[in-house]
């Protein structure tokens with residue numbers, strides 16, 4: 001509720017009416033919490049491995065598939081139409097190229113994602129059917145976050161993984177956007193033109209907060225998994241080689257780590 005109150009004011013303390021400004025204000029605390037996790041800081045330092053990045057791509061694929069399926073299905077909805085930019089923003093095809101590059105032509109059979117990703121995916125499906133206007137909150141947090149940090153994160157990832165080319169990094173590239181800053185201005189303007197009642201606006205602001213919380217929950221789950229795993233390994237006093245650990249357990253921890261990294265687009269950069 002406090003976030004909703006702050007969403008009504010701009011930086012000068014005056015009441016603001018722009019939806020984009022209100023979303024930014026409403027999610028300010030959540031944004032700070034997301035970007036200050038240890039995993040976020042680690043990613044910025046270039047501490048990511050190829051196995052982690054592969055599973056990250058799997059989760060991003062499932063999230064964007066749900067988001068873009070629902071945006072496509074509701075393209076003519078009065079709240080969705082103004083911010084519907086499939087040519088400029090669609091991430092699904094680029095993620096498919098990246099997954100095929102790293103996992104091979106049968107990459108669809110190799111997709112592995114944790115429950116946190118499924119929860120987010122299901123939320124997108126639900127609101128796409130029941131209240132498409134709320135898709136605006138998720139599109140804003142995902143696309144503008146990725147667009148803001150795409151170039152920098154692409155370079156960090158390329159260097160961290162020791163890649164000699166940009167193959168496998170299509171996700172970070174927006175060839176349909178010649179000027180990210182100008183496009184973000186256009187996107188915000190289109191968002192602000194959406195006609196909403198006060199009740200609808202409040203609901204959309206709450207959904208923007210939920211979008212961040214769905215991602216932050218992954219961090220909480222991840223920290224718990226890492227703590228349990230670390231404690232188990234410490235108690236064993238390294239008596240059991242890592243290779244001897246159940247593969248499903250190792251994959252669970254790896255998946256959790258990588259999906260947590262999937263929130264980089266909405267955590268590190270201000271949009």
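From the backbone N, Cα and C atoms, a Cβ is placed for every residue, glycine too.
Those TrEMBL annotations? Automatic predictions, nothing curated.
Features reported for this protein in TrEMBL:
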type	residues	note
BINDING	24, 31, 140, 188	heme b binding site
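Our reading of the heme b binding annotation (24, 31, 140, 188) yields a largest Cα to Cα distance of 18 angstrom. Listed in sequence order, the residues of the same chain lying 6 or more apart from residue 188 (heme b binding site) and placing their CB within less than 8 Å of its CB are 18, 20. Listed in sequence order, 20, 23, 83, 187, 191, 208 are the same-chain residues at least 6 apart in sequence whose CB falls under 8 Å from the CB of residue 140 (heme b binding site).
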